[in-house]
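Peer 1: The structure's right below; bear with me while I get my questions together.
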């Protein structure tokens, strides 16, 4: 295969993996604190539609990004109020949130389907983007992809190096002990949920403002669900989330490339490839039971209230 | 900075605390001098933990006064207690298993104390000074129970500590580990730290504490100097009337083997759980075998394999046999039909269903004893059985319709044990039969077990309470890391030796020779 094709594949892999990476990072923080929010798909869609409408009507892409994040956060606030404030079942609340978000985004965006928008353009960094093979992948992307690199670095640092990461992990493992130690369990969890909402909104915004600058119903195409699976199969480890997201991107591209070359495999089967490949690789990686147990938040999904 | 020795470090006067339905603390007075090791003695439910929570600021007293180094104050919350120099080591540790020792300590100390890395030298220094070896980088899940307790204590010692409260600290330790802990506590006290030592083990209190406050039913029943009191005097203060608290039962030799566990190995899929290897064990009819060990060394796994909650494949069914019949592959109800009875460690939720009435709970394990007719429940017979249990085992309850959760721990345990005993089991397996049970009920449970033994049943008791095992069992062994020590006649061994077994100091078992195999060998 020639270098150019490979370079293009890598470039597209990162672009395709980026929305997944953004949602998954948010959900990772959320789950690490012990909260399972299944509303990712709904929050993403709502973020995507709000971001698109704002950007198109104001002409300001950055305002669109900002409000996409706020929209995701708004829905996650709803989740936090019901699941943490009223101690409702997290699974049921998250599912309801997704159904709500899908419907709401369709309703809000009905008049905006198919309108054209000039989205974020790639910014090639001089010299660096000329590096063969990986130059385009890392240094000729649009600004939101660069932002996702920075956010990945931030989340990795917080979880692995910072005191905040320790607190999140402690709250997720044993909220009773954390509370006895004086850590504000519910506040930590609420902030984690809000961060997850903002990241889902940003991922939605990336789809409608940069990846394919337009709005279409259900344009997230299940990425919110894949991100949820990604976090679990990555055994709650931040570098594996990155790996899984880009692997998914790569498999998506390969299916397009394979069609382009004209392989005689039914395209429906190829379209399954990203989902199957990503999960297969991560399952194989998470065979070490002790390591998995070390990173898994024990209290995940269990309602908790202070006071005993 | 230290105040004059005549001023008590902590003085409580007239502390009362009422919970709905009970007066947990009734005008309690307590005074601890600097550098004093003070025991707080009492049975479960005597009000020890309420008092402790008041001192540590977890709950507020309804009335009474707390003086700290002579100054009256209100202990608002644990953070305030900590800032005054009060440290507390809970019975159930509040540690995070997936974090390292240093990270656990850093979390408790607040951001100002520094990062885990920065704290490491100080952790090393403190743990060395007090003789509690600790490696700051290790993850807590890989530590033994004793080491986890050290983490809790070191966490308290990292700050300038003036009063250390320990809640039943030795209940999770081997006798040797307990001795090491006492050395540390004496050194701390010599440096001027006051220690409040909560326990119900009289021997320990006498060895360690200079003075004691005894609680009974929420009231102070006496202050005393433990070294000058006999066990019986202390027990009387704790229980009121010490009648029936006989501390020794005649030992029995036992008859034919009932339960045989033969080279039982079981791999635990849970990486934090315990894997059993080559357990060999024989319990004869008419004897009680006691298995000691610190929690988490394979007790739960062994119990599940014996009760049938965990089953082995058919090819390995000979690993456990009851009266020569292999049972390792049978479901619990099939094993019960063959004469096995089981008293699990957890009373509510495992031994009994909390929301169900006592008579329904009686039906749960005794339904094979003629309580069903053509698949229908014979309500009258069930009720009669429940009433018989309540009467024969002196269970304090309004009637058999009371839900299991309304009974105190001791009463419910008497009921569960009674239910199993009335089924005339050939083999009874009992886990922690008197854990959290008051002295009077414990004595009743011990007498019931001895009576069952004398009636010819084989009994296996798994317990963390070494004193209890020495009191009731005829042979004794210990579990450590999923391995079973040799069994020895209780009359011919000592707590120190069993303590060594609990710590894993025993040689691998020699090949077992059953009477049958021995006979076969002599014939050939």
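Cβ atoms are placed via backbone N, Cα and C, with glycine included.
When I checked TrEMBL for this same protein, it listed these features:
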{"type": "TRANSMEM", "residues": "A:12-30", "note": "transmembrane segment"}
{"type": "TRANSMEM", "residues": "A:42-59", "note": "transmembrane segment"}
{"type": "TRANSMEM", "residues": "A:65-86", "note": "transmembrane segment"}
{"type": "TRANSMEM", "residues": "A:93-113", "note": "transmembrane segment"}
{"type": "TRANSMEM", "residues": "A:133-160", "note": "transmembrane segment"}
{"type": "TRANSMEM", "residues": "A:191-209", "note": "transmembrane segment"}
{"type": "TRANSMEM", "residues": "A:221-239", "note": "transmembrane segment"}
{"type": "TRANSMEM", "residues": "A:246-263", "note": "transmembrane segment"}
{"type": "TRANSMEM", "residues": "A:269-285", "note": "transmembrane segment"}
Peer 1: Count the CB pairs under 8 A between the transmembrane segment (A:269-285) and each of A:12-30, A:65-86, A:93-113, A:191-209, A:246-263, then give me the winner.
Peer 2: A:246-263
Peer 1: List, by number or range, the same-chain residues at least 6 past the transmembrane segment (A:133-160) whose CB is under 8 A from its CB atoms?
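Peer 2: Long-range Cβ neighbours of the transmembrane segment (A:133-160): 3, 6-8, 10-11, 13-15, 18, 21-22, 25, 28-29, 32, 65, 119-125, 168-169, 199, 202, 205-206, 209-210, 238-239, 242.
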Peer 1: Considering only Cβ pairs within less than 8 angstroms, which of the stretches A:12-30, A:42-59, A:65-86, A:93-113, A:191-209 has the most against the transmembrane segment (A:246-263)?
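Peer 2: Most Cβ pairs under 8 Å with the transmembrane segment (A:246-263) come from A:12-30.
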Peer 1: Might you confirm whether the transmembrane segment (A:191-209) is in contact with the transmembrane segment (A:12-30), defined here as three or more C-beta pairs under 8 A between residues 6 or more apart in sequence?
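Peer 2: Contact confirmed: at least 3 Cβ pairs fall under 8 Å.
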Peer 1: For the transmembrane segment (A:65-86), could you work out the same-chain residues 6 or more beyond its ends whose Cβ comes under 8 Å from its Cβ atoms?
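Peer 2: The answer is 35, 37, 39, 42-44, 46-51, 54-55, 93-94, 97, 100-101, 144, 186, 189-190, 193-194, 196-202, 204-205, 208-209, 303.
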